[in-house]
Every structure is written in structure tokens, then in C-alpha cells.
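Annotated features in Swiss-Prot:
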- ARG97, SER98, GLY99, GLY111, VAL112, ILE113, ASP114, GLY122, ARG165, PHE170, GLY171: dUTP binding site (BINDING)
- 1-41: transit peptide (TRANSIT)
Amino acid sequence: MPIEQKYFSLFSNLFKRLTTNNNNNNYLKMAPPNFETFKVKKLSDKAIIPQRGSKGAAGYDLSSAHELVVPAHGKALAMTDLQIAIPDGTYGRIAPRSGLAWKNFIDCGAGVIDSDYRGNVGVVLFNHSDVDFKVAVGDRVAQLIFERIVTPEPLEVDEIDETQRGAGGFGSTGVKVQN
């Protein structure tokens with residue numbers, strides 16, 4: 001066997017031994033985050049476990065566990081009666097359901113669930129229409145999307161590098177496509 005193959009085989013086996021979850025050494029015992037499941041606890045019998053509407057859906061539907069009315073041009077809080085353990089390395093983003101936004105002018109806000117939050121998940125609903133919007137028990141009001149995050153430490157500096165854009169914001173680049 002050529003020397004390159006011997007070294008490759010040796011390092012490959014060593015890497016496998018160091019990175020397996022059942023190794024008996026203290027060098028590298030880090031279990032990867034589990035993105036296959038997430039824990040959910042029902043806080044009432046009216047709570048509904050989040051589900052995806054289709055195999056390709058990005059979000060898990062969140063349902064209201066209580067009846068409520070979102071007043072015209074107002075807001076309301078829809079409680080799901082769920083505790084959700086968001087996997088480490090991610091956060092849960094509460095996003096609008098496209099059908100509610102398009103058909104009923106219902107949007108949602110304040111949509112971040114941190115991985116260490118363990119309270120009842122609530123959905124802030126905004127009604128941008130001229131009529132009150134009724135929510136029944138079990139109605140799907142939002143969707144939960146898991147997103148990976150990076151949490152670097154802030155570093156205070158005296159200067160920040162300049163860019164071509166600079167401080168321009170809020171439409172400073174225009175609406176036309178740049179050629």
C-alpha cells in the first residue's frame with residue numbers, strides 16, 4: 001500500500017474515533033445539534049402540535065388555542081398554549097401565513113423565539129383591514145420557521161471601514177435595477 005494511502009487511512013480512522021458520540025476519550029466529545037426533532041409541550045387540551053402543510057413547507061403552522069378578535073387596524077395576542085424547545089444554534093421566527101396576509105390583511109410581529117425561552121408561545125397579530133378579524137380555537141394564525149444563527153461577540157472600535165454605499169439607507173440605492 002502506498003504511503004499516502006496508509007496516512008489517509010490512519011487519519012481517517014483517527015478522525016472517526018474522535019468524532020463519534022460513543023468514544024471513550026476526552027478530546028472531542030461534542031454532540032452535534034439535533035435538527036431532526038424539536039420538543040413541544042401542550043399547556044392545554046386546546047393546543048395543537050405544529051405541523052408543516054406540505055413536505056416542502058419551510059414553516060410549521062401555529063394555531064390559536066383561544067378565540068379572539070383582532071380589531072380593524074388593531075392588534076391582538078393569539079396564545080398557542082405551547083412550550084417549544086428551540087434547538088441550540090437556531091431561533092424560531094414567527095412569520096405570517098401568506099393566505100391570511102393576502103386575503104385578510106393579517107400580519108404578525110415580534111416574531112423571535114430564542115432557544116432558551118420556555119414560556120407559552122404567543123403570536124402578535126396585526127389587522128390592516130377595515131373590519132374586525134375573528135380567530136377561532138384551532139385556527140392556524142402564523143408559521144414557525146427555524147433559522148440557524150451566528151452570535152459573535154461585539155468588538156468596540158474607533159473606526160469602521162468605509163464602503164461605497166456609506167451611510168445611505170431607506171431607498172438611497174433607488175428602485176431601478178442597476179446594470
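The backbone N, Cα and C atoms fix where each Cβ goes, and this holds for glycine too.
In three-state terms derived from DSSP, ASP114 (dUTP binding site) belongs to neither a helical nor a strand segment and is classed as coil. If you draw a 10 Å sphere around the CB of ARG165 (dUTP binding site), it holds 9 other CB atoms from the protein chains shown. Taking a C-beta cut-off of under 8 angstroms and a sequence separation of 6 or more, ARG97 (dUTP binding site) has the following same-chain neighbours: ASP61, ILE106, ARG140, VAL141, ALA142, GLN143.
Cβ contacts within 10 Å of GLY99 (dUTP binding site), excluding its own Cβ and spanning all protein chains shown: 10. Residues listed for dUTP, ARG97, SER98, GLY99, GLY111, VAL112, ILE113, ASP114, GLY122, ARG165, PHE170, GLY171, cover a largest CA to CA span of 38 Å. Applying an 8 A CB threshold to same-chain residues 6+ apart, the list for ASP114 (dUTP binding site) reads ILE86, TYR91.
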